[in-house]
Amino acid sequence: MWQIVFFTLSCDLVLAAAYNNFRKSMDSIGKKQYQVQHGSCSYTFLLPEMDNCRSSSSPYVSNAVQRDAPLEYDDSVQRLQVLENIMENNTQWLMKLENYIQDNMKKEMVEIQQNAVQNQTAVMIEIGTNLLNQTAEQTRKLTDVEAQVLNQTTRLELQLLEHSLSTNKLEKQILDQTSEINKLQDKNSFLEKKVLAMEDKHIIQLQSIKEEKDQLQVLVSKQNSIIEELEKKIVTATVNNSVLQKQQHDLMETVNNLLTMMSTSNSAKDPTVAKEEQISFRDCAEVFKSGHTTNGIYTLTFPNSTEEIKAYCDMEAGGGGWTIIQRREDGSVDFQRTWKEYKVGFGNPSGEYWLGNEFVSQLTNQQRYVLKIHLKDWEGNEAYSLYEHFYLSSEELNYRIHLKGLTGTAGKISSISQPGNDFSTKDGDNDKCICKCSQMLTGGWWFDACGPSNLNGMYYPQRQNTNKFNGIKWYYWKGSGYSLKATTMMIRPADF
């Protein structure tokens with residue numbers, strides 16, 4: 001189509017150029033043939049000669065000045081007529097030329113149009129095919145893109161839904177946390193008020209304690225001065241006591257000598273008395289059975305030996321016949337003793353004393369004995385533990401204790417660890433602890449790994465007897481930090 005339009009414009013330009021050349025040729029008088037060349041087209045025009053026109057060399061011209069006015073006018077009219085004829089002839093020739101060109105151009109235009117249409121159709125078909133291919137490719141790409149966009153959109157929608165659910169969950173959690181924070185803030189405010197009140201109370205108490213401390217310091221100062229005076233008096237009393245003890249010792253020797261003399265004289269007079277004195281007792285049960293039913297100190301004899309020992313016999317408790325092997329009541333005797341002292345015994349049988357491990361070991365290995373432990377606290381309460389079978393091993397086995405059959409009110413569990421433990425002292429460590437329990441807890445005892453009991457510990461007076469790990473303790477009655485007021489360990493034959 002564009003080629004046809006271009007050809008039409010080209011031919012119009014050719015005709016216009018031919019017309020312009022024709023006008024130029026008309027201006028040149030004397031030329032009878034005119035030729036127009038435009039591209040591959042060549043046009044030749046033959047025009048008639050102008051016979052009626054005069055040349056400028058006419059004799060009338062040289063005399064034109066001398067002619068009258070009517071002659072000049074007629075000449076002009078004639079010339080105009082000639083020109084009109086010429087113009088009419090030219091017009092006719094141009095019309096013929098135009099008709100000729102139109103007739104010739106129609107055929108050429110038809111051929112050109114047919115060729116152009118064929119060429120253009122092929123081009124258009126090719127272009128259309130390319131466009132269809134491109135359109136199909138673009139459509140396929142658009143379909144892929146659309147699918148990708150759809151998948152991406154779906155994924156984004158799912159993510160958006162997840163984010164929305166997560167956001168809702170977070171909002172709920174935030175609301176819950178906000179509620180918890182508000183509760184905590186309220187509780188914190190309450191606690192702050194309580195702390196402030198406690199601080200005020202604490203300040204008041206500190207002031208009161210400070211005042212009491214000042215008062216106590218004054219009292220301590222006074223007591224220190226009193227103690228110094230008492231120490232001076234004690235030193236004086238000690239000196240006097242030493243003198244009195246010496247005097248008492250001399251008196252005792254004198255009394256013993258007198259008693260010996262009296263016994264000798266009585267023996268000479270009454271032979272039955274000498275026979276009674278030769279009778280010996282193994283334990284207080286034999287003393288009780290012999291008719292002596294009064295509490296007191298009696299002389300006992302080691303089994304299979306003539307060696308004697310002083311012991312206190314309880315002839316009233318539980319039917320009597322009890323041999324006291326340990327007693328604590330006032331802290332007058334120090335129980336932080338050596339192995340040898342615990343072996344042979346120490347103290348005063350009428351007060352605090354330890355009978356001796358060697359005698360108890362030999363005695364309890366002769367026959368079956370029971371052990372009763374009687375306890376008192378500082379509040380006036382009493383309790384006991386009774387073991388149906390008791391004996392001590394020999395010194396070679398560190399006087400190991402053996403107990404069976406516990407009854408009593410001082411705890412359902414034995415405060416003396418079982419099986420039997422070896423005896424330990426400050427110079428004979430036989431316990432199961434690397435800490436040396438006898439040195440740490442004081443006193444000699446059957447320690448395990450320091451164990452739940454120690455009746456030979458440090459004696460503490462009332463109001464100082466709590467929270468004492470090294471006191472006189474029996475764990476399963478009063479706990480580990482309570483130091484008892486009094487204890488008694490006594491034995492008696494099981495068949496008494």
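FYI, residue positions are counted from 1 along the chain as it appears here.
Here the Cβ of each residue, glycine as well, is placed from N, Cα and C on the backbone.
In Swiss-Prot this protein carries:
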SIGNAL    1-18  signal peptide
CARBOHYD  N89  N-linked glycosylation site
CARBOHYD  N119  N-linked glycosylation site
CARBOHYD  N133  N-linked glycosylation site
CARBOHYD  N151  N-linked glycosylation site
COILED    166-248  coiled coil
CARBOHYD  N240  N-linked glycosylation site
DOMAIN    275-495  domain 'Fibrinogen C-terminal'
DISULFID  C284-C313  disulfide bond
CARBOHYD  N304  N-linked glycosylation site
BINDING   D429, D431, C433, C435  Ca(2+) binding site
DISULFID  C433-C435  disulfide bond
DISULFID  C437-C450  disulfide bond
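Known features from Swiss-Prot, placed on the structure.
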{"residue": "N89", "record": "N-linked glycosylation site", "DSSP (3 states)": "helix"}
{"residue": "N119", "record": "N-linked glycosylation site", "DSSP (3 states)": "helix"}
{"residue": "N133", "record": "N-linked glycosylation site", "DSSP (3 states)": "helix"}
{"residue": "N151", "record": "N-linked glycosylation site", "DSSP (3 states)": "helix"}
{"residue": "C313", "record": "disulfide bond", "DSSP (3 states)": "strand"}
{"residue": "D429", "record": "Ca(2+) binding site", "DSSP (3 states)": "coil"}
{"residue": "C435", "record": "Ca(2+) binding site", "DSSP (3 states)": "coil"}
{"residue": "C450", "record": "disulfide bond", "DSSP (3 states)": "coil"}
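Contacts of C433 (Ca(2+) binding site) defined by a Cβ separation under 8 A and a same-chain sequence distance of 6+ are given as F447, D448, A449, C450, in order along the sequence. Sorting the disulfide-bonded residues C284, C450 by the number of other Cβ atoms within 10 Å puts C284 first. Neighbours of the Ca(2+) site: apart from D429, D431, C433, C435, residues of the same chain with C-beta atoms within 8 angstroms of the site's C-beta centroid are S424, K432, I434, K436, C437, S438, M440, F447, A449, C450. All protein chains considered, the CB of N304 (N-linked glycosylation site) has 9 other CB atoms within 10 Å.
Taking only the Cα positions, the spacing between N89 (N-linked glycosylation site) and D431 (Ca(2+) binding site) is 163 angstrom.
The number of other Cβ atoms within 10 Å of the Cβ belonging to C437 (disulfide bond), over all protein chains shown, comes to 23. Comparing N151 (N-linked glycosylation site) with C435 (Ca(2+) binding site), their Cα atoms are 79 Å apart once rounded.
When the recorded positions C313, C435 are compared by the number of other CB atoms within 10 angstroms of each CB, C435 has the fewest. Of all the recorded positions listed here (N119, N133, C284, C313, C437), C437 has the Cα closest to the Cα of D429 (Ca(2+) binding site).
Around D429 (Ca(2+) binding site), a 10 Å sphere centred on its CB holds 17 further CB atoms from the protein chains shown. Taking all protein chains in view, 10 other C-beta atoms sit within 10 angstroms of the C-beta of N151 (N-linked glycosylation site). Around N89 (N-linked glycosylation site), taking its Cβ as the centre, 13 other Cβ atoms fall within 10 Å, counting all chains. Around the Cβ of D431 (Ca(2+) binding site), the number of neighbouring Cβ atoms within 10 Å comes to 22.
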